[in-house]
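Here's what TrEMBL has on this protein:
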- A:Lys99: active site, schiff-base intermediate with DXP (ACT_SITE)
- A:Gly160, A:Ala186, A:Gly187, A:Asn208, A:Thr209: 1-deoxy-D-xylulose 5-phosphate binding site (BINDING)
- A:7-251: domain 'Thiazole synthase ThiG' (DOMAIN)
Amino acid sequence: MHSDVLTIGDRTFQSRLLLGTGKFASNDIMRQSIEASNTEVVTVALRRVDLDAPQDDMLNHINGDSILLLPNTAGARDADEAVRLARFARNAGCPSWVKLEVTPDPRYLLPDPLETYKAAKVLIADGFHVLPYINADPVLCKHLEELGCATVMPLGSPIGSNKGIKTRENLRIIIEQAQVPVVVDAGLGAPSHAAEAMEMGADAVLVNTAIAVARHPVAMARAFAKATEAGREAFLAGLGGSSDIANASSPLKGLMWE
Amino acid sequence: MYSEVFPSIDQNELMSVIEEVGSRDVQVALQKDQLDIKDFAALISPAADPYIEEIANKAHQLTVQRFGRTILMYAPLYVSNYCTNGCRYCGFNHQNLMERHLLSHGQALDDAAVIASEGFRHLLLVSGEDPRYVDEQYLGELAVKLKGRFSSIGVEVQPLEESGYRHLSECGVDSLTIYQETYNTELYSEVHPSGKKRDFNYRLDTPERGALGGMRKVGLGVLLGLGNVSLDACNLALHARYIMQNYWRTQVSVSFPRLRAAEGGFQPYDPVSDRTLLKLICAFRLYTVDAVLVLSTRESAQFRDAVFPCGITQMSAGSKTNPGGYSSQDDTLEQFHVEDSRSVAHVAAAIREQGYEAVWKDWDPLLV
Ligand code: SF4
């Protein structure tokens, strides 16, 4: 085993696949999918957590010893709401980690860069490890990094769209420039999309819909785990890239061998 | 406001679109990602019947992709059946000589306790339309008292001013439901012979006043069976899309209340068949992809179990439609008769059996 670990904040992870929990048909399928994915980070929407009905709660289906429970602020429309949710979660015993989602638009759930920045600032000052969900905006990423965010989480395409990586050029720049881990979040609809992100050099991917709504979520979780690993390995092995050097159609080639 | 936009929609022209769509239009609609109103009309037309399987499949896939295999559970709490309106089709109509009740906050909390004990965290406060009994103050104070027990509180009461919605929103109410009943202005006057509800435009602009007043979710609907169902559905679809386009922070939900027998013996003008209702649900999923689609216990258990996977994302269960109905076990004074009378646990089990999760909490008061 090589020691290719992912470090976020003060923790290290073997797996580079993060899992979202929003759309599973049951808590049991969710739990099995988490196991099959080998993930070590699971995000949970705070608005779904019912502290008054702990027996039904999805939190009980996630093994908090081996897995980092990453509360997210889904539903928050502005910085204030996101900060309130994050603090509430910490007061209720969650770790000081938060996936920051500020999505005023209920249709495409696109992140609000201004409010995300504002909330990140407050939460970092408050001692949180902040993992912000954002559009694939390289400049915003640098700002968030300077602020002290633990990662940046740019989207591949809108949440739940399963369209894969539609923000490739910007993701490439983000990955090239980032000093913190880049987690490609949202829109990854097939294992090949996850592999693509990892081949590009992303540090990790986050998947929810594609696994949760697959006909066989557990098998799909396994497929994503493999694809993420394969993509990572390909990146580390050094993809040849599409260089022109060995291109048979090179005009030089013909000239020199004849 | 939509009352300024609505008159520019030529209803005759819309009717001819509805009458002219054919099977080719259905095929086109099925190929598209972004549907226009002609596509919507095609999907609810008789020409869509041979494609119903295919339409339902697409609606199902889109719903699962956007919402997952989850159904959000909610319960209505009727706080009053006093009403100043004379809607011909409704049992609460002020001319019906029935007993009237207003729940005190204490009584409402008793009903709420029963609802909470069944697992619900999403509550809808419903009343007849009589501001002398139920106004923003009554609702606001009640919402504050309910807040600890429920994570989401909605209202389905008379239209309020924007300031009223702002007040409610500050008290913890996050959503508003208001049915236009019909978009046919003549029929609207005919079935609303008296009371404030006669003001078509005031009602039409209510969802927007709600959105402006801070409501996170606004629910629209027509009373199916009242007007021409295709024309009303097309108007509803246009209205829903208008709200989505103009209030980008507001989530839109659409409900499908079918007119039921009520006190007063009103018969539906244009009864809506199961097949038509199924087509409506699918067409709304395809046309307003991200809308929350709601199905109540007005529909039979059998029908609900069969159609919910085709687009529904929110359902009620174990509903009582009379004030005090949960804590008193008394079924008199219902607004309408509940068809799906299964227990809450039974409905939740039926949802699970189809491979869906019944979600009880999907909101948090901290978000308001
Ligand atoms: S439909 Fe509403 S407004 Fe009309 S009579 Fe019934 S309760 Fe009153």
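If you go along the chain as it appears here, the first residue is 1 and each next one adds 1.
A Cβ is built for glycine as well, from the same backbone N, Cα and C atoms used for every other residue.
Automatic prediction, not curation, is the source of TrEMBL annotations.
Taking CA atoms as the reference points, the residue listed as 'active site, schiff-base intermediate with DXP' and A:Ala186 (1-deoxy-D-xylulose 5-phosphate binding site) are 13 Å apart. The 1-deoxy-D-xylulose 5-phosphate site is defined by A:Gly160, A:Ala186, A:Gly187, A:Asn208, A:Thr209, and by the 8 Å test on Cβ atoms against their centroid, the other residues of the chain that qualify are A:Gly20, A:Pro158, A:Ile159, A:Ser161, A:Asn162, A:Leu188, A:Gly189, A:Val207, A:Ala210. Residues A:Gly160, A:Ala186, A:Gly187, A:Asn208, A:Thr209 are recorded as binding 1-deoxy-D-xylulose 5-phosphate; their most distant pair of Cα atoms lies 9 Å apart. Not a single one of the recorded positions among A:Lys99, A:Gly160, A:Ala186, A:Gly187, A:Asn208, A:Thr209 has a C-beta coming within less than 6 Å of an atom of ligand 1.
Annotation note: A:Lys99 (active site, schiff-base intermediate with DXP) sits in a strand segment as assigned by DSSP. Close to A:Gly160 (1-deoxy-D-xylulose 5-phosphate binding site) in the fold, though at least 6 residues off in sequence, lie A:Lys23, A:Leu109, A:Ala186, A:Gly187, A:Asn208, A:Thr209, each with a CB less than 8 Å from its CB. Chain B has a C-beta under 8 angstroms from the C-beta of A:Thr209, taken from the recorded positions A:Lys99, A:Gly187, A:Thr209. Per-residue pLDDT, averaged along the domain 'Thiazole synthase ThiG' (A:7-251), amounts to 88 for this model. Residue environment of A:Thr209 (1-deoxy-D-xylulose 5-phosphate binding site) contains 23 other Cβ atoms, counted within 10 Å of its Cβ in all protein chains. Its Cβ taken as reference, A:Asn208 (1-deoxy-D-xylulose 5-phosphate binding site) is surrounded by 22 other Cβ atoms within 10 Å in the chains shown. Of all the recorded positions listed here (A:Lys99, A:Ala186, A:Gly187), it is A:Gly187 whose C-beta has the fewest other C-beta atoms within 10 angstroms.
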